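Visitor: Have a look at this one.
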Amino acid sequence: MATMGSIGLAILYGFKVNVSVAIVAMGNHTAVKLSTSHDLEANSSTVARETEEVCGTSGVAKTAVEDGPFVWDESLQGLILSAYFWGYMVSLLPGGRMAELWSARWVMNGSVLLNLAASLLTPIAAQIHYSFFIATRFIQGIGGGVSFPAMHVMIAKWAPPNERSIIASIVYAGTALGTVISILLSGLLAASLGWQFIFYVESALCLIWCVAWWLMIEDSPEEQSRLISQEERNYIMTSLGHSKQDVHKKKLPVPWGQVLRSKPFIAILIAHFCNNFGWYMLLIELPTFMNQILKFDMSSNAGLSSMPFLCMWVFTMVLSKALAVMQDKDLISVTMSRKIGTLFASLVPLLCLIGVSYVGCNRVLAVVLMTIAVACIGGMYCGFLANHIDIAPNFAGTLVAMTNCIATIPGFVVPIFVGKLTQGNQTIEAWRIVFLVTVILYTIEILVYTIFGSGNEQPWNKTRLSDEETCDQMTPLKCINKAK
């Protein structure tokens, strides 16, 4: 389950980030610059100033070679990139409850299938009008939004408590691996076959996964009949306190009031929001920063933009294993483990972004700092992102949907924010503002989660139906026996 879930999230994140690379190849940057310069009535001075404030002088020639057919300025590109997150936000809460009440397996499969269909339509949609392109991204966001809640429910049903950190990291590290593969593949396809093939090739890979997931995975170990031994099934069920009768047990109502008053939950929510601002800023805008400021060409851009996410995948695996070993030896508590993971995901990127803001055109140092920043963000997977399952495994899908809903706001704010700041102003100074705003949010995350974060199961996770409500749902004979 963990391996297939990781591959599934890798595919979904591939769809999530491929447009960040594709839009570099799709846009006619020369026409956009000329149009912006004309609007500012400062053609020569603007171009000269921009050349001084970005890195290198050969980038203009390279950009001209790579120009695509669409004259989309930075603001419109930001709108296109943000459309995914509008759809993502819409589907989170419904997806979380559907996964808990119906079938997390089918919710996850539907998520990927919806992305597949929209991806196949994307090249045609973009050529008709940018509004249709935005619509396909919105649809893909709807599909992507239900994936994290679905996988949280799957992890809660499949992962023994002492293995949650590792299994959650394996599953969610797929997002980093998918980012690496998608950025590399997108860059190579755009440079060799054309930007359209980015969407066609990834759709084909997606279809293979959907068939494999449908054939191989069930909702819980109790229902899994293939690819699992009886000993493994019994171990998982025993560790989770499950029995055969638990499979169809009554689903618990969400104690909304207690959830919203819970300090550990609010700490997760704030950490998720603040960290996602930095995560999405790097995830969405890193290829643009590499191309427009550091002046790497398409092939180099793809390789260098993907390298940080490969390091992130490796770092996530290493950190999660190290923390799990320390937990097993009682060297640290679950709470401490989650705080260490979250600290790596916030403090290290904070320091690196401050550094990137002031290294100027030192490309090597900028790339090294960006790589370290993105790699350490992987700590979130064994930090606050695994914390929902600790505090309330019965409502893991709903809780991650709630925090992810708020944490998705940066997804559509970041592209628009960056687009407005850099429109006709692709300079180091403009990007410095972006990085320093991110630093402020990381600081808030560190303070709140360190003070209020907890890895202990919360009392409201044990909410049960009242005796009267339970009796109403039982046969009269059972009610009589209970009364006796």
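Quick reminder: no glycine exception, Cβ is built from N, Cα and C everywhere.
Annotated domain 'Major facilitator superfamily (MFS) profile' per TrEMBL: 6-457, in sequence order. Per TrEMBL, transmembrane segment is recorded for 7-27, 76-94, 106-126, 166-191, 197-217, 265-282, 302-319, 340-359, 365-386, 398-418, 430-452.
Can you walk me through where each of these features ends up in the structure?
Guide: Within its own chain, the transmembrane segment (7-27) is flanked in space by residues 66-72, 77, 80-81, 84, 108, 111-112, 115, 119, 126, 137, 140, 143-144, 147, 151, 171-172, 174-179, 181-183, 185-187, 190-191, 195, 198-199, 202, 205-206, 209, 213, 283-288, 291, 298, 301-302, 305, which lie at least six positions past its ends and keep a Cβ under 8 Å from the stretch.
Long-range neighbours of the transmembrane segment (76-94) within the same chain, counting only residues 6 or more positions beyond its ends whose Cβ lies under 8 Å from a Cβ of the stretch, are 16, 19-20, 23, 27, 130, 133-135, 137-146, 148-149, 280, 284, 398, 401-402, 404-405, 408-409, 411-420.
Within the chain, the transmembrane segment (106-126) has long-range Cβ neighbours (under 8 A, six or more residues past its boundaries) at 5, 8, 11-12, 15, 26, 70, 95, 98-99, 132-133, 135-137, 139-140, 142-147, 149-151, 154, 195-196, 199-200, 202-203, 206-207, 209-210, 213-214.
If one looks beyond the transmembrane segment (302-319) by at least 6 residues along the same chain, the residues whose Cβ comes under 8 Å of a Cβ in the stretch are 21, 169-170, 172-173, 176-177, 179-181, 183-184, 186-188, 190-191, 282, 286-287, 290, 296, 341, 344, 367, 370-379, 381-382.
Long-range neighbours of the transmembrane segment (340-359) within the same chain, counting only residues 6 or more positions beyond its ends whose Cβ lies under 8 Å from a Cβ of the stretch, are 271, 274-275, 278, 282, 319-320, 323, 332, 365-366, 369-370, 372-374, 376-384, 386, 431-432, 435-436, 438-439, 442-443, 445-446, 449-450, 453.
Long-range neighbours of the transmembrane segment (365-386) within the same chain, counting only residues 6 or more positions beyond its ends whose Cβ lies under 8 Å from a Cβ of the stretch, are 164-166, 168-169, 172-173, 176, 267-268, 271-272, 275, 278-279, 282, 286, 294, 304, 307-309, 311-316, 319-320, 323, 337-345, 348-349, 352-353, 355-356, 359, 400, 449, 453.
When Cβ-Cβ distances below 8 Å are used as the criterion, the transmembrane segment (398-418) is approached by residues 74-75, 77-86, 88-89, 92-93, 95-97, 100, 145, 148-149, 152, 254, 259, 265, 268-269, 272-273, 275-277, 279-281, 284-285, 288, 385, 388, 391-392, 434, 437 of the same chain, each at least six residues removed from its ends.
Same-chain residues lying 6+ beyond the ends of the transmembrane segment (430-452) with a Cβ under 8 Å from its Cβ atoms: 263-264, 266-268, 270-271, 273-275, 277-278, 281, 285, 289, 293, 339, 342-343, 346-347, 349-350, 353-354, 356-358, 384, 417-418, 421-422.
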Visitor: Calculate the per-residue pLDDT averaged over the domain 'Major facilitator superfamily (MFS) profile' (6-457) and state the result as an integer.
Guide: 87
